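What follows is a set of notes on a single structure, which appears directly below.
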Amino acid sequence: MTTSKIGVRHAGHGHTVNIKYGYIIFGVSVLYALLLASAHFLELRQWRRQKRPSRSSVWARINNAPFWVHTLLWAAIVVGLAFTNVHDLSQNWTVVVKRLGRLAFCLVPLDLALALRPCLLGQSYLELMPLHKWLSRLIILAGVVHGIGFFVKWTIHHQLGKAKRWANLAGIIVALFSVLLVIVSSRPVRRRFYSYFYAFHNFTVALFVLLMIWHARPGVSDFVLLSVALLLFQGASRVYNGYSVPGLTIVDADAASLRLLRLQKPNSFPSVWQPGSHIRVGLPLSSWQSWVFPAHLYTLCSSPANDTLNLVVKKGRRFEMLTSLEYRVSCPYASLPTPWLSTAENVHIVCGGSGISLGIPLYEYFDNKSSVLANLHWCVSNARDTFVLSELGVNNPVNVYVTSGKIDQSSYDDADNEDAGLLGAGDNIELEPIPAENKSNPFTDDHAVNCAEQRIQMHAGRPNLSEILASFSETDDNAHKLLIVCGPVGLIRDVRAYGDAHGIAVFSELYNM
């Protein structure tokens, strides 16, 4: 009688050894999410108790660490786990290749959680969006290396026919769509075709999650179910936290580049929200387009006491709202960290173009507090845009700087058009000084009278930050000074540089004018 030795499937190739590393990185991601949520909560609690921000506390350092620090941390974790306990790499390199695929997919739940709206970690999801984007790229990179590694393995062993098997083909499909996603997510493509990028992004995510049911071996059904649950939560949240708009009024002015949209407030809309909050506006759920293309982010330029939800938008946007169509809005999302509303004593707000929609509600809130010194500075390329101040009933003093001339695109370049209401559609605000020969009053007499009645101080040319922010010197403690900037990237860069140079906290939001 002859005996034969039964070999173990994929003997020596770590077929099951990588399972635990998937659970390890998932456990690390859970701890990481808890750390982010805890750091955010504890920093704000400490801030409220001390009535001043503490930039040196460990919680503040974690909560305010640049996104690239988090990205490098996760890259180090993935690489470290990929090579842990792998001896004689020349013989066991396929273990690393297999492990990278599992590590990539087990990070998907964290990546989805970072993009949830509203965010479950306490922060504004806008704060976590850069981390979501770069973690997605890290996942794709690990997945692509995983795929290339298998092609190399099959080529060496003359087994390219394995690529035709459905389980492997599913992985190839995911890899191809992931590479395409990286291409369409590049800045030029994303800015120009954001709605299509958004649809392709969501399709690729769904494809990635579902095809892993067949591709991953051993299976990852638990991670698939968790990922599907997060996607369903996002869909349910969109339904539950949305409100149908009864009607829309468009307020326009001749020769102005901005317009005012007045949305009738839905009956069930929240009765309280923080000044400077955002809403998303899209088509009703009955429209298939609302499920395929993105809703658009706008800043609420109104208070809870108003009967309408007021939005200041740039004319000629890709997303044009019409009175003949129905719309749906989300619940308000806060932007400015809440403790600033009670601890700031000297506030300057610098806006560019439609960034005034964030500036007005915050300015009115701070200016109506007797203990706060508040100033609003607004840069516009068209003096006629100031009509929105009278339409919104702004009676507080406002400094308006009317600029002209083309600007250097490399200096004031548009940023990504990822939220077409808040982040604009590709036209810059002009911030260059008016040439000396043109510095006569650029306003008509009627316009000058209206501005005087509204306590608006009109200035020609780009503002000098050192001059307009000089009143910061009236407050000794920098911990109670706040500089808010909302506008294009160039304006934000200059204001941030001023804040850093003078030790003043800066809160910024990007608006492409």
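Keep in mind that glycine also has a Cβ here, set from the backbone N, Cα and C atoms.
Per Swiss-Prot, the features are as follows:
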type	residues	note
DOMAIN	100-211	domain 'Ferric oxidoreductase'
DOMAIN	240-368	domain 'FAD-binding FR-type'
TRANSMEM	22-42	transmembrane segment
TRANSMEM	66-86	transmembrane segment
TRANSMEM	103-123	transmembrane segment
TRANSMEM	138-158	transmembrane segment
TRANSMEM	166-186	transmembrane segment
TRANSMEM	193-213	transmembrane segment
TRANSMEM	219-239	transmembrane segment
Per DSSP, how many helix, strand and coil residues does the domain 'Ferric oxidoreductase' (100-211) have? 94 helix, 0 strand, 18 coil
With CB pairs under 8 Å as the measure, which of the listed stretches 103-123, 166-186, 193-213 comes out on top against the transmembrane segment (22-42)? 103-123
Tertiary contacts of the transmembrane segment (66-86) (same chain, 6+ residues out, Cβ under 8 Å): 21, 24-25, 28, 92-93, 95-96, 99-100, 103-104, 107, 130-131, 134-135, 138, 142
For the domain 'FAD-binding FR-type' (240-368), how many residues does DSSP put in helix, in strand and in coil? 24 helix, 41 strand, 64 coil
